[in-house]
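Here Swiss-Prot flags Arg158 as N-linked glycosylation site, drawing on similarity to another entry. The N-acetylvaline annotation in Swiss-Prot covers Val2. Sequence annotations record features per position, and here Swiss-Prot assigns site 'Required for activity' to Arg158, Arg165 based on similarity to another entry.
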Amino acid sequence: MVEPANTVGLPVNPTPLLKDELDIVIPTIRNLDFLEMWRPFLQPYHLIIVQDGDPSKKIHVPEGYDYELYNRNDINRILGPKASCISFKDSACRCFGYMVSKKKYIFTIDDDCFVAKDPSGKAVNALEQHIKNLLCPSSPFFFNTLYDPYREGADFVRGYPFSLREGVSTAVSHGLWLNIPDYDAPTQLVKPKERNTRYVDAVMTIPKGTLFPMCGMNLAFDRDLIGPAMYFGLMGDGQPIGRYDDMWAGWCIKVICDHLSLGVKTGLPYIYHSKASNPFVNLKKEYKGIFWQEEIIPFFQNAKLSKEAVTVQQCYIELSKMVKEKLSSLDPYFDKLADAMVTWIEAWDELNPPAASGKA
């Protein structure tokens, strides 16, 4: 049995890393009491809360946190007609927070994620580990069998090319979860009582050319390097699919990171995932995606971006054209999704003008 950490009595971190360069984005439909547990690690940072569902509902945020809160009315007001690209009644709405942030780094976490304990019983400061991951290079071109060579106590093994040891910039840090695993509905149904109790003390770079199923509940990224590609798609209300928002974004960002020679890391940090979602509800959301993914994944595996695509925006627009051309025959939904991908980039550039942000 794995339990969350007890952080009562832990002091608020007096020297938080990147305090003025990082926003924490939280999508929610409920009060954010879970932030009490995270206070020692997260209180010094600015929060962007994206309220899903009924905009008239009052969301309670624990005292002492600095935050902005956006509901659907705010999204419609800020984006106008382009608000159609932001999902409703789905945690995919979190990507609006990425768009309105003005910071270099983003950490996003779900409201059912608590502080985990490492094997020694110490509370895990997930954000601090994400920051370490992002500030260290990645090694996507050659696999290091000691995993992350830049971690303390590790290095490049014998036979690792010296020409590749400088590594590349890390764009994404993908964390994991103890307790409730991030399973699809069919797996949930056959393993309803399974809990993840394995804490693997490792961080690794996902190799170039390899896709992965990105989970958005414990994720950090360099907004300047990959932000415009962190679009969580059209999910939830009025859409034929759900629970593929983070994975769609993950497939897109991995193709783009590979093209632009950027790194994606996975492994530490862990959070404690407290609440199992309903597998029958999940199956209804995932049903089409379970079949579609058998064609979507080969599509991304074979996606090749042109040499002319040198910015994230250019890469993403090229990818949207490929989605329209190659996946629309699968379902008309992908035609709509491809259009939404373009709308997302237009909205991003409106709120983040390249000249002002330095992201040409």
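For all residues, glycine too, the Cβ spot is worked out from N, Cα and C.
The structure, with features from Swiss-Prot marked on it.
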residue : record                       : DSSP class
Val2    : N-acetylvaline               : coil
Arg158  : N-linked glycosylation site  : coil
Arg165  : site 'Required for activity' : coil
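Here the CA atom of the residue listed as 'N-linked glycosylation site' lies 37 Å from the CA atom of Val2 (N-acetylvaline).
In the structure as shown, the Cβ atom of the residue listed as 'N-acetylvaline' sits within 10 Å of 14 other Cβ atoms.
Separation of the C-alpha atoms of Arg165 (site 'Required for activity') and the residue listed as 'N-linked glycosylation site': 12 Å, rounded to the nearest whole number. Annotation for the recorded positions Arg158, Arg165: lowest Cβ count within 10 Å of the residue's own Cβ, Arg158.
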